[in-house]
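Noted in TrEMBL for the protein shown:
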type: TRANSMEM; residues: B:7-25; note: transmembrane segment
type: DOMAIN; residues: B:61-246; note: domain 'ABC transmembrane type-1'
type: TRANSMEM; residues: B:67-86; note: transmembrane segment
type: TRANSMEM; residues: B:98-121; note: transmembrane segment
type: TRANSMEM; residues: B:127-148; note: transmembrane segment
type: TRANSMEM; residues: B:179-203; note: transmembrane segment
type: TRANSMEM; residues: B:223-245; note: transmembrane segment
Amino acid sequence: MNRSVISASDLSLTFQTNDGPVHALKDVSLDIHKGDFVSFIGPSGCGKTTFLRVMADLEHPTGGSITVNGVSAAEARRNRAYGYVFQAAGLYPWRTIGGNIRLPLEIMGYSKADQAERVARVLELVELDGFEKKFPWQLSGGMQQRASIARALAFDADILLMDEPFGALDEIVRDHLNEQLLALWRRTEKTIAFVTHSIPEAVYLSTKIVVMSPRPGRISDVIDSPLPKERPLEIRDTPEFIEIAHRVRDGLRAGHGYDD
Amino acid sequence: MTGQPSLFLRIGLPLGFGIAVLVLWELFVVGFNIPRAILPAPSEIWAAIQRSTAILWVDWVQTVLKGALTGLLIGAVAGFVAALAIDRVDFLRRGLLPVANFVAALPIVGVAPIMVMWFGFDWQSKAAVVVVMVFFPILVNTLAGLAATDRMQRDLMRTYSASHAQTLTKLRLPAAMPFVFNGLKISATLALIGAIVAEYFGSPTKGMGFRISTEVGRLGIDMVWAEIAVSALTGTVLYGFVVLIERWVTFWHPSQRRGR
Ligand SMILES: Nc1ncnc2c1ncn2[C@@H]1O[C@H](COP(=O)(O)OP(=O)(O)O)[C@@H](O)[C@H]1O
Ligand SMILES: [Mg+2]
């Protein structure tokens with residue numbers, strides 16, 4: 001069970017901008033194991049999105065190396081090793097919800113029957129059954145985001161990369177989606193990398209919390225969570241939970257070194 | 001369904017306005033005894049239309065069906081295909097686009113006689129003028145449409161490791177459709193103008209432009225107005241037809257969403 005699924009060593013990425021170089025990532029090393037739920041937390045601009053995009057081969061590191069499923073990120077992308085959930089749902093408005101979820105399946109050449117079966121299954125998973133024929137703009141933001149998660153789950157990728165998927169949603173919807181996501185993770189045993197701004201969200205969801213700090217973007221702390229896999233929402237009131245949350249907060253504060 | 005203006009408002013109101021204008025026009029011409037050569041009354045124009053239906057029909061077939069619509073079809077398809085090629089091959093973007101730009105700047109009074117020399121007096125030369133006129137608006141709008149996807153939509157395709165053709169058919173072409181229809185709406189109007197005006201530079205003894213220019217010489221002003229009425233009606237119907245298809249194809253676009 002301890003196979004390394006994503007392995008970064010001394011990873012650096014510098015963007016050349018008009019205002020000079022921006023060190024989005026500097027000497028980042030991290031191992032993510034099979035079945036881990038890893039959260040990335042840190043102030044905005046600390047390179048969380050960039051790190052996730054490097055894993056997805058959407059961005060190319062300027063130093064160090066990264067492997068995904070034991071091969072290069074580019075090869076992993078060609079192998080369709082991961083599903084990516086963006087910060088915004090990004091559903092195509094000319095396709096129904098069902099059509100959007102079918103999009104990756106069509107591209108990857110799944111049979112018609114298989115497509116229909118998978119669409120029905122993931123819609124149920126995110127509790128959107130009955131909305132298959134609706135268009136994205138007929139749904140609330142939370143439902144759209146759930147559909148985008150379903151889209152990333154529809155094909156057989158055992159890695160899920162999620163960039164602040166619930167960032168724009170209100171607290172109650174967010175709690176509910178967190179519960180659903182956790183249940184889904186337990187059931188599917190996927191490896192999940194999850195970017196968030198919220199300390200409670202990170203602690204509630206993760207087996208491993210990666211605290212990052214900006215300028216240059218780097219990892220300032222990695223916390224392995226002692227919480228059990230089974231986590232009711234009430235776990236957030238337990239002393240263990242609060243203790244981890246404290247440690248995350250301390251890590252964030254130490255990495256900051258200034259106030260803004 | 002709510003918030004939609006009723007059928008009466010959408011069709012009845014403009015119709016009412018139109019009738020009011022015609023009535024005032026009639027009263028004005030009769031009341032002030034305006035010479036027929038200056039401005040015929042609507043009733044006289046109507047009489048001319050009834051008297052000359054056969055001629056008007058022959059002219060309409062010659063100018064609209066053969067000249068304008070053939071040219072529009074060929075020009076639109078050519079502009080669209082050229083846009084796809086230019087989009088795919090950067091070398092064409094540098095080479096072909098400036099040439100297309102140059103051709104678009106040619107004045108119709110220069111193009112029309114040349115086309116008559118190349119393709120003869122009949123409708124083929126008129127269709128050729130229309131092709132030259134509509135090619136560029138379609139080309140430019142399609143190119144703009146193909147570039148109109150946002151980064152996240154394209155990144156999503158990349159995470160699926162989609163081919164160029166898949167990205168084109170499943171993302172970029174659907175996203176381009178609102179732009180393509182803008183080009184088509186401009187072109188529909190241009191096509192009619194082009195086909196009529198081109199007949200001033202040589203045509204067989206039929207066609208709307210031919211008729212207008214000869215009837216002006218013979219002071220048959222009511223016939224001139226009859227042709228103008230037919231061309232205005234044709235233009236309106238043609239434009240409305242394009243709008244109808246647009247509404248059907250780009251139903252998902254924010255400007256088209258209604259009653260869904
Ligand atoms: N494409 C890009 N070009 C230039 N700079 C970028 C680009 N993407 C991100 N950056 C910069 O890299 C840094 C890290 O960005 P990002 O990874 O988006 O941070 P986070 O997701 O943690 O908020 C920021 O300073 C950001 O401005
Ligand atoms: Mg980010």
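Numbers here mean position along the shown chain, with the first residue as 1.
Each residue, glycine too, has its Cβ placed from N, Cα and C.
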Non-local residues, at least 6 beyond the ends, that sit with Cβ under 8 Å of the transmembrane segment (B:7-25): 41-42
Chain residues in Cβ proximity to the transmembrane segment (B:98-121) (below 8 Å; excluding those fewer than six residues from its ends, i.e. six or more beyond): 82, 128-129, 132-133, 135-136, 139, 194, 197-198, 200-204
Maximum Cβ pairs under 8 Å to the transmembrane segment (B:179-203) - stretch from the list B:67-86, B:127-148, B:223-245: B:127-148
Residues of the parent chain within Cβ reach of the transmembrane segment (B:67-86), under 8 Å, 6 or more residues beyond its termini: 92-93, 96-97, 100, 123, 126-139, 142-143, 146, 168, 180, 183-184, 187-188, 191-192, 194-196, 198-199, 207
